[in-house]
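S.K.: Reproduced below are the annotations present in TrEMBL:
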type	residues	note
DOMAIN	58-173	domain 'Response regulatory'
MOD_RES	Asp106	4-aspartylphosphate
Amino acid sequence: MKVIFCEECGGKNIVADEQLEHIDNKPLGCQICGNVISQETIIPHLRSTEPINTLHYHLLLIDDDFAHLQLMKTTLEKEYTVSIASTGVHGLELAAERKPDLILLDLNMPGMDGYEVCKRLKENPVTRKITVIFVSARDDKDDEYRGFTLGAVDYINKPINLQILNARITAQLRLKQLIDQQKKQSDSLIHSLHQDNIQIEQELERLQ
């Protein structure tokens, strides 16, 4: 089974592997809005052999709007491990302590705003590799640009469409999964080469 998100509505579609194998003969329609999902969206899933287990991933939500925070937590904890913080300072503490895979960061917060939180996250060696997505009611291109320059990977406007949010979170986690897999393979190759070098050196010493 694969999880494929519709690019039109962001809806989550559970698709059997057998259905994907015959996608050329029968287009895949979104189970929510009926839109035909494009081949560009489907192809990466045909090449992916390891599905994402979302429960293995930890999200940190930082937002001073407690009602919004609780709504997000209730929705997202069905699929992820979720921590919450209502201030930037507490968010930085939790990020360093729990090292989440992804942070959803509100922009407008009293005291320390989202920009400053993101800046400090990226300056700290412990947290700088954590994926950050800004969530804000401010629909301004300059705000988006500033967020990206500070190291955020996405910028989502409030009010949030939860299906779109989930699609964007999954896209970032899939990218993280691929990077982690590549690093694991690279580390394994380096270890193997190191062991081969040791054996060659030992053999040369024996022959001398």
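The chain as shown is numbered from 1 upward.
In case you wondered, yes, glycine gets a Cβ from its N, Cα and C as well.
Because TrEMBL annotations are produced automatically, they should be read as predictions rather than curated entries.
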S.K.: Check the DSSP secondary structure of the residue listed as '4-aspartylphosphate', expressed as helix, strand or coil.
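M.R.: Going by the DSSP assignment, the residue listed as '4-aspartylphosphate' falls within a strand, counted as strand.
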S.K.: Go ahead and report the DSSP secondary structure tallies for the domain 'Response regulatory' (58-173): helix first, then strand, then coil.
M.R.: 53 helix, 25 strand, 38 coil
S.K.: Once near-sequence residues are set aside, which residues in the chain of the residue listed as '4-aspartylphosphate', 6 or more away, have Cβ atoms under 8 Å from its Cβ?
M.R.: Ile62, Asp63, Asp64, Asp65, Gly114, Phe134, Val135, Ser136
